[in-house]
Every structure is written in C-alpha cells, then in structure tokens.
Number of protein chains: 2
Amino acid sequence: MKITRITDKKVSLRRTIEAGTEEQRKIVQSIISTVREKGDAALFSYTETFDKVSLSSLKVTEDEFSAAYKELDNEMIEIIREAAANIRSFHEKQKRESWISYNDEGTMLGQKITALDAVGVYVPGGTAAYPSSVLMNVIPAQVAGVKRIVITSPPNGQGTLPAGVLVAANELGIAEIYKVGGAQAIAALAYGTESIEPVDKIMGPGNIFVALAKREVFGMVAIDMIAGPSEIVVLSDETARANEIAADLLSQAEHDKNSSSILVTTSMKQAEEVKAEVEKQVAVLPRVEIAKASIEAFGHIYVADDLETAIAVVNELAPEHLEVLTENPLALLNEIKHAGAIFLGRYSSEPIGDYFAGPNHVLPTNGTARFSSPLNVDDFVKKSSIISYSEKAFQNNYAKITKLARLEGLEAHARALEERLK
Amino acid sequence: MKITRITDKKVSLRRTIEAGTEEQRKIVQSIISTVREKGDAALFSYTETFDKVSLSSLKVTEDEFSAAYKELDNEMIEIIREAAANIRSFHEKQKRESWISYNDEGTMLGQKITALDAVGVYVPGGTAAYPSSVLMNVIPAQVAGVKRIVITSPPNGQGTLPAGVLVAANELGIAEIYKVGGAQAIAALAYGTESIEPVDKIMGPGNIFVALAKREVFGMVAIDMIAGPSEIVVLSDETARANEIAADLLSQAEHDKNSSSILVTTSMKQAEEVKAEVEKQVAVLPRVEIAKASIEAFGHIYVADDLETAIAVVNELAPEHLEVLTENPLALLNEIKHAGAIFLGRYSSEPIGDYFAGPNHVLPTNGTARFSSPLNVDDFVKKSSIISYSEKAFQNNYAKITKLARLEGLEAHARALEERLK
C-alpha cells in the first residue's frame, strides 16, 4: 500500500464517475429496445446468451423455495430472522407521517405521504450470493408500505437462485421473484413483459450493464442510485490496533478488484504496521487474488499531521463506509460531514453493518456521500402537497397573486383567480 | 377539447418519457466535454452562439442588482417578500432532526442529517421571466442549511437577467449568479470552470438540452428530476362551475404548447360547458397561440360514470397539479394516491400554489408523481448511518455475523470480526 503524507487541509481527492463506454451504452440501449419489442422471448434469449442457461419460465416456484430451505441449517435461518428483525426495527424509526397545518384565515396546507405502488429489487448474481441484499432492499420498502415488491436476479448454472437469497425473500413474504438479470431485467421492470408487470422504482446494485440500464430507464421509472465499487475509509489515531485496521481494510478489498481500502491516520508508525499486516493477512485469504489486486490498485494510506487534517481528508473522500478508530470517536461525529455509514470504535467493525446491526448496507459509493444517503424508508414513499384556501384567504390574497402572475407574463394565471370574483 | 367517456376503472393512461433524440444527446455530450476542456472560454462562446450575446464576465454585478430594483415597484417587492415568507414557513415544517437510539447492550444506532455543501439552481430564460423559480428552488435549500447556493440563468439580449429574477435572488441573499444557460451551464455546475466552482447537486427546470445535460452529469452530481411539460388535472362533479374550470385549465395551457390540461368530471353537461368556455376564454388571452396549440394537442375531458371511476382515472394520470372541485373535496384526500400538489375547493385555484401559498411549485410532471415528490427540504440534505457496538454487543453477536458472512462467501468479513478476539 502506498503511504502519502498530508500536510494541507485543502486536499483535493474528488473522483469522477465512470459512466461506461459508448459501446456498452449501445449494447444496453439495444437490449432495452429488444425487451420492449419482444417481451419474455427476449428475456429467455438473453438469459441463454449471458447466463448460459435455458429456462422455460421466469418465476421462482414453490419447489425452488422448498429446496432452498433444505440447503440451509436451522441456525442460519434463525440468524437471517434476527438480522431481518434488527433491520426492520431500525427502519421503523425512519417512518414519517403526513401532516396538515391550519392558519387563522382558514387556509390549510400540508404534506401527504404515500408509499409507492410497486418496486423492483435487483439482486446481483456472480461470484457471491447475497441474501443480505434481499433484506436490505426489501425491508425498507415493506416498512414504507409498498404493496408489490418484486425481485429479479440472474439464474445460476442450474437455472435457479442461491438458497440464501430464496430463503431471505421467503422469510420476508416475497413471492414474486424472477430469474432474470442484467440490462434485460431492468428493461422488464421498467416497461413490463408478458410475465413481469412494470414497477415504479428499481433498486439494487449490479454490474456496469445494470448501472447503464438504470440510467437509461431513469425518468420512466425512479431508480435508487448508480452504485459504484465498494469502499472503506478507516480514520485512526495511534490508539487503534494495526491488525484490526488491516483486517477491516481487507474485508472491503475482497469484494471486488475495484474496491478501495483507505486508511487515514495521524501515526506514521501505525501506517507502516498496517501496511505490513495487510501484506501478511491478504496472503491467507480465500479471495486473495481479488483482495490483492484491489489493495494494489486502490489501497492507500494517508498520514495526516493532526486529527483535524485527517478529518478534512475523510470529508473530501466522502466514503461509503467510515470507521472511526480513535480515542474518542463520538467526539468527532459533528466534524464528519460526508460518509454513508459511520462505524464508531473497535467493536463496530464494518461487517456488523453489512449484515446485522440494522442500518442499511446500500450506501452511496465513490464520493457520492457528498449528496446521497443510505437506502432508507424515504426512498419508497413520495409526497403530495395539499393546498386549501378558504374564501377569506382568497379574498385577502388574490390581488397579490395576480400581480405576481402578470410580472411573469402569465395572464391566464391571473384571470383564473379573477374568474372566481364573477 | 376531445371528450371521452370512461366506464372502466382499469383505464390505462401511463405515458412514456421522451428522452430526446440521439442527435440532441450527441450535441449535449459535445457541449459538456468542451466545457470540461476549455472552461470559461467555452461558456462565453456557447453564450454567443445560443443566446446571441457577447459577455465579458459571467457573474451578475452589484450594478445589475441595483438596476433590477429600479425596474420593480415597491408593492411588487413587498409581495415577493410575503411570498418568500410563506414558502419559508411551509418548508420549515419539513425539517428533520438527526436521531440516535440506544439499547440495553450499549449499542447505539442513528441517523445523522447533514445539509449539502453546495447546490446550483438553473433558472430558465426564454419567453417568460420566473422570479418564482428562484424562490421555490432557493428557499428549501436555505431551510436545509446549504451554505453555498448558486444560480445560473441564460442572459437576455441585453446581456443581463430579468429584474424579477435578480430581485428575488437578492431578497434571499443570493449573490453568486452566473449569466449562462443551456447544457453549458449544467456542465459548468457539475465540473466547474475558472469562474464557477462545481456544486454537489443541480436543481431547476429547463429545455430538452438542459434535461439531457442533467441526465449526463447525474452520478457525478445529484440532480432533482428530469422535468417535463407542465400539466393540470381538474377533478370535478356537477357542483363545480364551468367558467372557473375552463380558466384553470387555460392557466396551464398558456405555459407551453406541450402542456396538458385535463378535466375528469362525472357530469357530461359540465363537460360540454367547459369545452365551450375554454373556446371562449382562450380567444382573448395574450398567449392565445400557445394556449390554443396546447389545448388542441393535449387538452382532454374524461367523463366518468361515478366519482370512484373518476378518481381511478386521476391516479392513473398521476398529475403534477390536481384540483379537486367536488362537493366535499377533503373527503377524497385518502383516495388520491398519485399527485404532485392537490388543490382543494374553488378558492384553491392552481396559480395560488404557483406563487404564493407556500408549498413548492417544482413538482413531478408527466406521470412521475407515481414515484416522485414536490421539491422539498429532504432534497437538500443527506443522511449518514451511525453504528456503535459496545464490547458486550459485539461478544453477543459476532458469531452470528461471521456465519452470515461465510454464507455469502466473504471470509475476510468474518476474519475482521475474529481479529477483535485476539
């Protein structure tokens, strides 16, 4: 890992977002228009091409759910239930009520909160099976009150989905799961096919084709965010332990060779120790190739002159995951402006938040914590403004409003009010 | 206006979103990359090409603000202040606090709310000058606590901005205003130039080039939404007055020839009367050409068999503006699921919400009220999750978390926790 000394608080570490190549975009556009034109037939055909499996129906069956339960031991199922309960409990605290306020003139103004009708959750396939993705995307939607929740995920070589994913979905009462992945799944969720009714919003991470497809259908439906590779920043002073920091950095590095693992510390001695520990620990990981590639390409240690400078670096990085391993982590909370999730102290190692604690693991990546939030209940509702003017309020105010309308050159706006005087 | 009878509650009126042509997209991509490469020089050059005016600096000067105040009478300035106060008061009610919750194990979980650092507001130029756009976009950002708020707007033929826009901005204390519009303004806000520091989020409506540019930079910065043409739906029963309905429909129609003005009524007699009133009133409007074209292309009257069917039509349309002109509008509020702003009763004519009442006039268009909200304070903040596990909570739970991690094939995640046991 490269070690860089930072002495200036005005460090510039803002990253640009990779938007895919023109060629990838063309492929995605072509997949979307083919799905819009040919429906299910296109889904079956793309699944054969990309997932190398020929399906006769897309929807997961009762038999597949039963088989999944046989693959997991009871203890695992209990842990999934406990994790689900923790996640539900945290997200319940995010719920908001509609409100109305009245004034003396009899005016009534308010905000009505309504759950979305239907959302689609994309659960990636690939090297690892992520039941936690199911829990993290579905539960906030359920807490919000979304009635129809659909999952799509690419089938494996046996034409089914990983047991953990199916059990997690079934535990949450989700029955509408389709074995389709990639840009074709996003197109189906946005526009609908014979088997899949369209949804209003599409959630969940995926590869560059999924990300580009979400960008293409954005506007037709809502999307959560364009997720990038995962990243961790550890902020530490000399009180933290190098072996623990190294282990936490590697827990991100094993995700993907594009993951970033970054340490910002006030101690040069610790920086050297962490570097050595990372080299030692990475060598004995099962996913050593991925973790090593990630650390080599994107691993970085910044050594700051003081904690204030270190925090400035952290805010500039706006990390997805931030661990604060300093003497008094809580005291720094006010200074930390930009981070998706903030883990305080040595017993709050990042994997606790990935699976179990309750807060969402769907987090803004690649510096977008500057302006984006963890997935939350607000993502599954929308608001409507309520405006009710009494006759008295109308009489007291209409002349001001017609004057404003005429300043903007909109005569019919003014006349709409004046029509009430007739 | 075309009159259609609706007898089936399962009416399908969902619209597809116009995403611009491939040619428009190429133009926008080229503008963005030129601005990234050449900075201010590109902005001056595009302003000369598109706005037909040659500028020597982009930033609005003190002299321009002073000149703007001389153009408006004092009463108008007072009305702008009163509107601003109403808008501020409504949005103050949307503010949310950070929260933390504790449990018996000493675990602390929470949600920290932080305002964005910097936002850019695009104020369109063109046929009408919209000071209300300034109020509606800037005030929620100020209420949220955003420190840096920047406005960009295309200059008029005299190389300046409309007086109403400048006065509204100055009343709100906004000093950073740049005379640049179109895709080039969006590129400058996203990537920065010599004169314009980049922002974190870009708000505000615009033409197709502005909309496409926002789509292109989405991800690098946040954007509010891709705004479409304005629309109104009036829901009425036989108690409403045809002349008032017609006047309200025309207040949308005068915006743009792509605006939609739709009546959903339970009375065929009223439908005929409204049709006649629209023809009579439109003829004497200053913007008669625009209003007429809009009514001809997108004006529509649906006559439903009963109120329940009428409400189903409204929810399917998911209108930007909905007026409820029935005998008991409040009683229908629960049934109305999808609408940007809901205006209840005859004294709540839609222009009241455009300028003055307080709720935001930036609303989801083109059916996107199914999943989008009016602009609000939440759009200018982001959340960070807070996770703090005590040693006891860690000891009680780590084994469950390592088991979940291993189910997902992520060994380094499990080892990160186990490293704490050493």
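Residue positions begin at 1 at the first shown residue.
For all residues, glycine too, the Cβ spot is worked out from N, Cα and C.
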Residue among A:His321, A:His338 sharing the substrate site, where TrEMBL lists A:Ser230, A:Gln252, A:His255, A:Asp354, A:Glu408, A:His413 as binders: A:His321
Fewest other Cβ within 10 angstroms of its own Cβ, chosen from the binding-site residues A:Asp354, A:Glu408: A:Glu408
Neighbour count (Cβ, 10 Å) for A:Ser230 (substrate binding site): 25
Distance [Cα-Cα, Å, rounded] between A:His321 (substrate binding site) and A:Gln184 (NAD(+) binding site): 30
Cβ-based neighbourhood (8 Å from the centroid) of the NAD(+) site, residues A:Tyr122, A:Gln184, A:Asn207 excluded: A:Pro124, A:Thr152, A:Pro154, A:Gly181, A:Gly182, A:Ala183, A:Ala185, A:Ile186, A:Gly206, A:Phe209, A:Val210, A:Ala213
Distance [Cα-Cα, Å, rounded] between A:Asn207 (NAD(+) binding site) and A:Ser230 (substrate binding site): 12
Rounded to the nearest Å - Cα separation of A:Tyr122 (NAD(+) binding site) and A:Glu320 (active site, proton acceptor): 20
List of the recorded positions A:Gln184, A:Glu320, A:His321, A:Asp354 facing chain B, defined by a Cβ pair under 8 Å: A:Asp354
Nearest-integer angstrom distance between the alpha carbons (Cα) of A:Glu320 (active site, proton acceptor) and A:Glu408 (substrate binding site): 44
